[in-house]
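Here is what TrEMBL says about this protein:
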type	residues	note
DOMAIN	97-253	domain 'Sodium/calcium exchanger membrane region'
DOMAIN	289-431	domain 'Sodium/calcium exchanger membrane region'
TRANSMEM	85-111	transmembrane segment
TRANSMEM	131-150	transmembrane segment
TRANSMEM	162-186	transmembrane segment
TRANSMEM	198-220	transmembrane segment
TRANSMEM	232-251	transmembrane segment
TRANSMEM	289-308	transmembrane segment
TRANSMEM	320-347	transmembrane segment
TRANSMEM	353-378	transmembrane segment
TRANSMEM	390-408	transmembrane segment
TRANSMEM	414-433	transmembrane segment
Amino acid sequence: MIILCLQMGPMEGRTDLDSDEEIPFNSSPNARKVHPFDFETVHLAPHMGVVNSWIHKQSSIRPLRSIYIVLLKAKINILLPFGPLAILLHYLTGNHVVVFFLSMLGITPLAERLGYATEQLAFYTGPTVGGLLNATFGNATELIISIYALKNGMIRIVQQSLLGSILSNMLLVLGCAFFTGGIVHYNKVQVFNEAAALVNSGLLLMAVMGIMFPAVLHFTRTEVHFGKSELALSRFSSCVMLVAYASYIFFQLKHQHSLHNLNCNIDEEGVSEEGSEEEEAPEITQWEAIGWLAVLTLWVSVLSGYLVDAIEGASDSLNIPIAFISVILLPIVGNAAEHASAIMFAVKDKLDITLAVAIGSSTQISMFMIPFCVVVGWLMGKPMDLNFQLFETATLFIAVLVVTFMLQEGKSNYLKGLMLILCYLIVAASFFVHMDPSNDDN
């Protein structure tokens, strides 16, 4: 039977091939009559030649398609030319106000594109490594700005910009997401995983404790060695906070089944399951995503230098406190990606992902980025500490309490979102009239 099938095979295959007119790469008539079981190179040469030319053509077009997807497709990329324009005007005019605002506009789409490239790479690395990538590159803009400012000795700008990122994510980003989701889904109660929200709230309270003690120690004048004890305490607390954050990441990665069940609860209706699967297909390859991460990170670091250099000049020219620029304006630029993502997921009634974006980002900044900057300053010989001054520490403590009470029910509505937005407006107004008592650090 096997011999009979092999003898009949070529005849059937020949008949099928003769009748089929839509076989690709069959421009020559000889290639159309090749036997299926004939593997001689002479018969396959024309076919392989066309295949190789097609692959070469696709490889030459692929980079152009990647550039189009990353740099041209998104509407926010209309702000990309402001970055080179800021650098040009820095050398032509030296106007700090113009350079500052153009740099902010130029960094905004780069922050959003960094988040996009990270999401694309997460498709190939899986959820575990993807979560670590999101934790690393999610706040890359704030980290780059902070390290550059720390290198220049602008310790207060580092502290205030990181504090502003926490306040912006907790109050403004989460408030806008709750408000938008509540308006769109006004006829239903939006719910989220209360346990996951409380874990992040607990970490935020731990971060407040680590930041509060050096400030209280300083202002109560109870240090054993004034000016040195708070720095030593800050460095020790930073190491402890880094260990706590690493334990938190380890806990998340070792409980992937719980996170999987949490994600399944998000799509309980099952209406948009097919659509979500189609939306989650990667648009660029793995190496393209890695390359874009490197390019975007480098470009953000370049623009961050011009942005930080123009802060003091813009503050003097506009008569705006540096605290307001650092706490309010800079975090809005760095949180552009989180802001858009949180609102989008809230509109889709996926509040668990919204909380992971907003509150998770605040947790990462408070438990990882701030202690990390203290350790980096330690290595650089810069006296970076956790003494955020009394006014800023109290602001952070009250904001964390407000958000913790908002998340206790496990439910959301537009009123809670509006309250969080109004709280952020009060914070912004407070820093607009706040005069930093430690201007000598700047």
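Counting starts with 1 at the first residue shown.
Glycine is no exception: its Cβ is also placed from the backbone N, Cα and C atoms.
Unlike curated records, TrEMBL annotations are generated automatically.
Same-chain neighbours of the transmembrane segment (320-347): 76, 104, 107-109, 111-112, 114-116, 138-139, 141-142, 145, 156-157, 160-161, 163-165, 167-169, 172-174, 176-178, 180-181, 184, 190, 307, 311-312, 314, 353-354, 357-358, 361, 392, 412, 427-428, 431-436, 442, counting only residues six or more beyond its ends whose CB sits under 8 Å from a CB of the stretch.
Taking H, G and I as helix, E and B as strand and the rest as coil, DSSP gives the domain 'Sodium/calcium exchanger membrane region' (289-431) the counts 119 helix, 2 strand, 22 coil. Fewer than three CB pairs closer than 8 A are found between the transmembrane segment (353-378) and the transmembrane segment (414-433), and contact between the two stretches is not assigned (pairs 6 or more residues apart). When the stretches 198-220, 232-251, 289-308, 390-408, 414-433 are ranked by Cβ pairs under 8 Å to the transmembrane segment (85-111), first place goes to 289-308.
Below 8 A, the CB atoms of the transmembrane segment (390-408) and the transmembrane segment (198-220) form 3+ pairs separated by six or more positions in the chain.
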